[in-house]
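Here's the structure we're looking at; comments come further down.
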């Protein structure tokens, strides 16, 4: 809606008023309104008889065109110019069309324009065109009826029906043998294809503002009940694949010789902005083909064509964030913008006229949004609209959000030092924030460093002091090179087989045997913490001797690199094997793998001091060429003396999918946390899937730690194995079996 500003000069109001009187004198009221995509009321045009002759109407029409030219030539006021062009030109184009079609019909006067709205509210008008044909060839009756004096007026949808004739009078005996049962006229195919169609005249003038949105076709006839299904293929002006319809069949008992009317079928490929080859205001054709060898008789075809507005699409708005206090240009990126429309942007209740740039871009200027005393941020919905006649608008696309910063844009500062004060305040604020951020950073680093340095102390059972700690817990990276030192000249590094955030793993040789080499670099202070963990891993592994523990061979100092030499496992991790569909795993092999893991963990839990792995998962279980599984990656492991009546108060570690609920809750825990992780590994072995697949980490932590979520064991898994899994991941750690018991139960299966 365009509202006339009270500040327009009086001579411009006079021109508008004269223009209004001129239109009223024509005795003619023409308007059209687009109401969105509505199947029943999409487009409406109407005309009313006038007592004046067609020649006088034509003269008035010419005068109206001359008046537009004068206003364009003057062009002293942009608002006045927009009102005149948007309001008159579409109406004059449609008026010319209606005068041509109704040159023998008298017209009556109807005055509905309102001067305050400047004739921008259009009246709905409803008409109807219905044409029919009775020839098997393309009929011209539709074209004649649409241009005849007695032709009905235009309606929102165009409907026509055609009766098929010209086919064979007797079809195959199994179908269409009694054509008089269902209709007088029909087309019947036997073993060859047929084509039939109609030419119809489209009554909608090509204004570019509304297009064909939908075509619904209904077929009536008798169809063979024997497969294959017949297929009707519809074309609109040669556009292929406009519609494919599979004919529904009825059984002979239900419909031995009857007329069947399909449910209406909609052509699926009609674009929201119409068919490319469709000719508005001119002749069009629809063809129906039957290509199958099945027998079918078509008696009647009805097509219903629905029109609607051109629907442009907005995909994004730039900028879409704040601050915005008015005056900024906002660009809307989308599709199907067209120049003949008047694009409007509504910022809340404030309207801003849009600017057409091209078919994919338009812009609007943000109006001043805040009141002079406003101190609260305001949110505004930006709605893109298309106004066809300047007064009736309809929403076409998404509502966008623009945040307007709290400010007072209309009050000019009185102090000459206003900007200087602002700069000082902003500068001080930024400096304070930087100081706080740097302080927080160093505090966090200090806490992390202290926690890692004292990690072994926190890993002890409650009540154990420093004197009771094992010497292995006091290891740092400075003693790493004293653990089974290897001379660099004995090592040949070959191919990289793995990479982490702080280290890389290579294959290589040492004294003629193939080994795995973990290579780490000490680049800065932060890496020192990682190397302390690496030293702890090497210290623990150097003391372990078991067939199911990955063998530690030694360390090598090659500044700035540190090398840890380990036993090479050619098949890689258990995780890789379980997720490789080309590797077949039968029950004996799966049981053997589970038993290997249980034996290795039982050895760790029987050590003195006991070793808690804390990160047991399929990624940290390596497999040799004989499918023997060995436990590795002890970077998060810890050792403490046995106090079976105490629980540890250790920092939560591990991977959430495999971590026990008490660890996720940051509760004290024991070596039974490893038993829970083992249960998840058993589930991986029998399912060969990822636990809690698709769930985000935070949801796993909450669901497992608080709501007792567990993976689902497949029903095909044997009862003893299922029972072992469920006991191992019991909520109560005391209910979980020890690895010594697990080994016995697996050996008995």
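Numbers here mean position along the shown chain, with the first residue as 1.
Glycine is no exception: its Cβ is also placed from the backbone N, Cα and C atoms.
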For this session: Would you please say which range out of 94-123, 124-153, 154-183 has the annotation region 'Disordered' in Swiss-Prot?
Result: 124-153
Seminar exercise, completed: Swiss-Prot feature transmembrane segment, matched against 382-402, 403-423, 424-444, maps to 424-444
Exercise. From the set 189, 454, which residue is assigned the annotation N-linked glycosylation site by Swiss-Prot?
Worked result: 189
Problem set entry | For residue 615 (active site, proton acceptor), the three-state class that DSSP assigns | coil
Problem set entry | 283, 358 as glycosylation sites, winner by CB count within 10 A | 283
For this session: Report, as a single number, how many Cβ atoms besides its own are within 10 Å of the Cβ of residue 615 (active site, proton acceptor).
Result: 19
Exercise. When the pLDDT values for the topological domain 'Extracellular' (32-423) are averaged, what is the result?
Worked result: 50
Seminar exercise, completed: Quick note, residue 615 (active site, proton acceptor) and residue 358 (N-linked glycosylation site): C-alpha atoms separated, nearest Å, by 59
